Amino acid sequence: MLGFLKKPVVVTVEINMNLVALTVMGLISRLWGLSYPRAVVFDEVYYGQFVSLYMKRIFFVDDSGPPLGHMLLALGGYLGGFDGNFLWNRIGAEYGMNVPVWSLRLLPALAGALCVPLAYQILVELQFSHCAALGAALLILLENSLITQSRFMLLESILIFFILLAVLSYLKFYNLQRHRSFSGSWWFWLLLTGVACSCAVGVKYMGLFTYMLLLATAGLHFWHMIGDQHLSNVSLMCHFLARGLALIIIPVAMYLSFFYVHLALLYRSGPHDQIMTSAFQASLEGGLARITQGQPLEVAYGSQITLRNVLGKPMQCWLHSHTNTYPIRYENGRGSSHQQQVTCYPFKDVNNWWIVKDPGMQQLVVSNPPRPVRHGHIVQLVHGITTRYLNTHDVAAPLSPHSQEVSCYIDYNISMPAQNLWRVEIVNRESDTDVWKTILSEVRFVHVNTSAVLKLSGASLPEWGYRQLEVVGEKLSKGYHQSMVWNVEEHRYGKSQEQKEREVELHSPTQMDISKNLSFMAKFTELQWKILTLKNEDTEHKYSSSALDWITMDTNIAYWLHPTSGAQIHLLGNVVTWASANVAALVYVFLSLWYLIRRRRKIYDIPKDVWQLWVSAGGICVGGWAVNYLPFFLMEKTLFLYHYLPALTFQILLIPIVLQHLGDHLCRSLLLKSMFSALIVAWFSSVYLVYRTFSPVTYGEPSLSAAELKDLRWKDSWNILLQKQ
């Protein structure tokens, strides 16, 4: 039984020294002097604010994309013990001693370093030589723009890491498909593909482009499997379900989990609350939650309420009135009703309170038991402080003459009767008997006499209206628009019938003891919609550029400038690499078209397996470049050079692929092969020399003189900063 002890236990380990060396060089190039400069560099001023909010658990919305990238940056701050106390107000601001600069920049730098061995492995999995794979990795290693972008608290290097990891995982999975389907390693790489795709999308929506490319590739490969007569129907179904689980279901679940963690971490009220609905705000600790906790859920006759417009544009505001009236005549000569003004006011105020009244009764208090208001009920809205009724009539609104004026009715004893009946329509109702609920219900108020809908026009009234926002009765529109929708934000059951007592009641807080919370899916849906639809005002940036400028690198970005010396950091690429990538893409397209035309004529210049390898490599590299670059021509947003880096990475991978193909299949003689090899050595030497030449503005040191900086301005369009003497 103990015979196995007679022989020693031997463990054999294979170590790819190429991978080890490339990983070490990648780490050195990205981690060396990582804390320098100890000042805010370019978009660190933007992402740093979010890191501070994470540290303080304060809710925010970033319209640039999902939260995973921000959370990874915040993780670096957490590991370094950052307390979030730093004012990210300008580029170049010196970091305080409490800011762990090295830790905050660590994860982007690690991601950038690991892209080097990933590039090597991708070409190996594409069945190209180790020499070509080594060339791809070294080109990534010596690419100045990728080094610069990965050494700071920015997201592109993390995005590129997950993109390359997804591509590598899928290639490994596909190569295992032929011999080891449903094995442990087969499942591992398939699942990792889905996880990496989800992480790429979770960092920036640009990751969606590569995800779609891999889904299309997987679909094409599965289509070929369907034609394989050796696979049974059951086996095909298992393959289909496995891919659906790994490439669709798991990524979706992970994407949701990013938001779940994001919302769990950011549970405190903050400056971004105002763009969210009242229900969302009430779910956060502090802020609106302190005001709305425990309010009565069901709106009843006699309820005292504030009505917030759901649109929130151009700013959040509440239905408001005050004692001032519309001017008898406007500047253009049009007449008004001279009734009491009704506006939408962007601040909390006692004049925002309204009382829901039953038209058939005089009382302005809630009965016992309360009588809830339901969808379709007719109500009157009484302004709490002035006790005048919300009214509209066939008089043109002050700034929107095609709509009706909305006012609070004053009886001037003239031929203009009150028209103050409104039908409550709950937009998000589940049935026609739904009760009008605080915060949760989104309602429209339809005027009974004219069928006009109470609407925020968004126009700002003149001085006589205190620059408050115009509210109108929209006569023509029958569709749904958020400007027509309101929700009850603050709510109490009225108890005082006398006006003086009621005014005291309206000034008192509504805080009670019970809280209401939204479900995760409701919060996720709202936050996701805000991220997709919220757009900051597009302003021209000094370093913004067009997508056409990127290919030839006719633009650059100054990231940092030392206040006294000539030291500076720029986002500038390796000119030789960028030009070579463009040439490689053109050569690939030209050769592919040439081969296709020749193959159509039954002339086969290269063997079938080489052709398939050529096509598959182009699908990944050229396809990856196209899907990560061409969509920017359709985007209406401010663009910067760093947006091109994911596409550039794919294009760089194509360079050694084209070089190996030219050397193996177009250089037929020994002399040509020798000359071609010599040219490659010379070309790669120039790549290294350009890397070294621009390394001072890649790493920010050593500082250069004005003359040396001028020498680096290889293109007139580059903005190299010169210190004033």
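Placement of Cβ uses the backbone N, Cα and C atoms for every residue, glycine included.
Features reported for this protein in TrEMBL:
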TRANSMEM  9-32  transmembrane segment
TRANSMEM  68-88  transmembrane segment
TRANSMEM  100-120  transmembrane segment
TRANSMEM  154-174  transmembrane segment
TRANSMEM  186-219  transmembrane segment
TRANSMEM  240-267  transmembrane segment
DOMAIN    296-359  domain 'MIR'
DOMAIN    370-427  domain 'MIR'
DOMAIN    431-491  domain 'MIR'
TRANSMEM  575-597  transmembrane segment
TRANSMEM  609-627  transmembrane segment
TRANSMEM  639-659  transmembrane segment
TRANSMEM  671-691  transmembrane segment
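Sorting each residue of the domain 'MIR' (370-427) by its DSSP state yields 0 helix, 26 strand, 32 coil.
Counting same-chain residues at least six beyond the ends of the transmembrane segment (609-627), those with a Cβ under 8 angstroms from any Cβ of the stretch are 122, 126-128, 163, 167, 171, 209-210, 212-213, 217, 585, 588-589, 592, 595, 599, 646-651, 653-654, 657, 661, 665. Between the transmembrane segment (639-659) and the transmembrane segment (154-174), three or more CB pairs separated by 6 or more residues in sequence fall under 8 Å, so the two stretches touch.
The DSSP breakdown of the domain 'MIR' (431-491) into helical (H, G, I), extended (E, B) and coil residues amounts to 6 helix, 27 strand, 28 coil.
Sequence-distant contacts of the transmembrane segment (240-267), counting only residues of its own chain at least 6 positions beyond either end whose CB sits under 8 Å from a CB of the stretch, comprise 53-54, 57-60, 66-68, 70-71, 182, 187, 190-191, 193-195, 197-199, 201-202, 211, 214-215, 218, 222, 284-285, 520, 523-524, 527-528. Under DSSP, the residues of the domain 'MIR' (296-359) split into helix, strand and coil as follows: 3 helix, 30 strand, 31 coil. Same-chain neighbours of the transmembrane segment (68-88): 40, 44-56, 62, 95-96, 98-100, 102-108, 153, 155, 158-159, 199, 202-204, 258, 261-262, 265, counting only residues six or more beyond its ends whose CB sits under 8 Å from a CB of the stretch. Listed as Cβ neighbours of the transmembrane segment (100-120) (distance under 8 Å, sequence separation of 6 or more from its ends, same chain) are residues 18-19, 22-23, 25-27, 29-31, 34-35, 38, 48, 51, 72-73, 75-77, 79-82, 133-134, 136-137, 139-141, 146-147, 149-155, 157-158, 160-162, 164-165, 168, 649, 652-653.
With a threshold of 8 Å between CB atoms, the same-chain residues lying at least 6 positions outside the transmembrane segment (9-32) that come near it are 106, 109-110, 112-117, 120-121, 130, 133-134, 137-138, 141, 147, 150-151, 699.
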